[in-house]
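Undergrad: Per Swiss-Prot, the features are:
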COMPBIAS  1-11  compositional bias 'Low complexity'
COMPBIAS  12-22  compositional bias 'Pro residues'
COMPBIAS  35-47  compositional bias 'Pro residues'
LIPID     Cys159  S-palmitoyl cysteine
LIPID     Cys161  S-palmitoyl cysteine
LIPID     Cys163  S-palmitoyl cysteine
LIPID     Cys164  S-palmitoyl cysteine
LIPID     Cys166  S-palmitoyl cysteine
REGION    1-58  region 'Disordered'
REGION    1-58  region 'Proline-rich domain (PRD)'
MOTIF     7-15  motif 'SH3-binding 1'
MOTIF     15-18  motif 'PPxY motif'
MOTIF     21-27  motif 'SH3-binding 2'
MOTIF     66-71  motif 'SH3-binding 3'
TOPO_DOM  1-266  topological domain 'Mitochondrial intermembrane'
TRANSMEM  267-283  transmembrane segment
Amino acid sequence: MAGYLPPKGYAPSPPPPYPVPAGYPEAAALHPGPGQAPVPTQGPAPAPGFSLFPSPGPVVPGPPGPFVPLPGVPSGLEFLVQIDQILIHQKAERVETFLGWETCNRYELRSGTGQQLGQAAEESNCCARLCCGARRPLRIRLADPGDREVLRLLRPLHCGCSCCPCGLQEMEVQAPPGTTIGHVLQTWHPFIPKFSILDADRQPVLRVVGPCCTCGCGTDTNFEVKTKDESRSVGRISKQWGGLLREALTDADDFGLQFPVDLDVRVKAVLLGATFLIDYMFFEKRGGAGPSAITS
C-alpha cells in the first residue's frame, strides 16, 4: 500500500542463504571482499578409481622411421638429401686385435649431428682375405636403421701395384642394389693418390686428391674432394687419427666425409664408396703369408 510505514522498532531481516551443493567452493572464497586475499580452492574430487586429468607416462623414443620417398632420388638414398657430413666408424674385432687374423670389416654410419644412418658390412671369402689382403675383391652392403639394404659397393680384383697403370683400383656403386649409379676409379699418378668420381655413364664429375704421404702419424690424413678440373675444393675425406695405441693394435679407423648439402645424392653415394676404397687401399693391413684371415 502506498505510504505504508512499518511500526516502530521493526527491522527487516535478510533472506536465508541458498544451500550450496557439496563439493563446490564457498562464494566468499571465489569473490573475496575488499582488502581480502583470494583463498586457493580445490576442484571437485574425482570418483574413486578415476583421475580427473590423467597425466601421460614418460615418452620413450622409438626407432627411427623410414625415410619418405622423394621424386628423383633413388630408393634408399633419402637419408643423403639433407646432410653435408657423414661420420664412419669401423668396429674393432677382438679376433683381429689379439690374433692378427683379418676379418670382414663392419662400419657404423652417423650424420654430423649424431643421427644413425645405417650399418655397412663387408662380404668376402677367407681365401681372398688370406691371399690378397687389402687388395681383396669384396662387396659392401649398406643397410638403413630398419636393416633394409639401400647401397651396395662392389670392388673387383685388380692385380698389380697401384702405382702401375695396369693395377688401378675401382669401386662400383649401386643404389638400389642392382642399379649402377656411379664408379670410383683410381687415376694414375707416380706420387699422389688420385681418384675420379664417375657417374653411371662413366663421365667424370669430381676428383679426389690425397697427400703424398698417407701415414698421418699424430694428425688426420685428408683427401680433398675437388671439381673435375681440380681448380676448387668442394669437400673432404678425412681419416681421423685414433691415438697411438689404437693405431698400433688395430686397423679400425674413423673417417669423416664432407660435401655440399645440395650435391646430387648419387654423387654423395659415390663419394661414400670412395671413402671405403681409400680405407682398404691405404689404411688396411697388408695381407701376406701366414694366418692373416679368418672366416667371420
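Positions of Cβ are set from backbone N, Cα and C atoms, glycine also.
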Undergrad: Could you state the whole-number distance in Å separating the C-alpha atoms of Cys166 (S-palmitoyl cysteine) and Cys159 (S-palmitoyl cysteine)?
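TA: Their Cα atoms are separated by 8 Å.
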Undergrad: Report the same-chain neighbours of Cys159 (S-palmitoyl cysteine): residues 6+ apart in sequence with Cβ closer than 8 Å to its Cβ, ordered by sequence.
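TA: Long-range Cβ contacts: Arg135, Gly167.
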Undergrad: Report, as a single number, how many Cβ atoms besides its own are within 10 Å of the Cβ of Cys166 (S-palmitoyl cysteine).
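TA: I count 9 other Cβ atoms within 10 Å of it.
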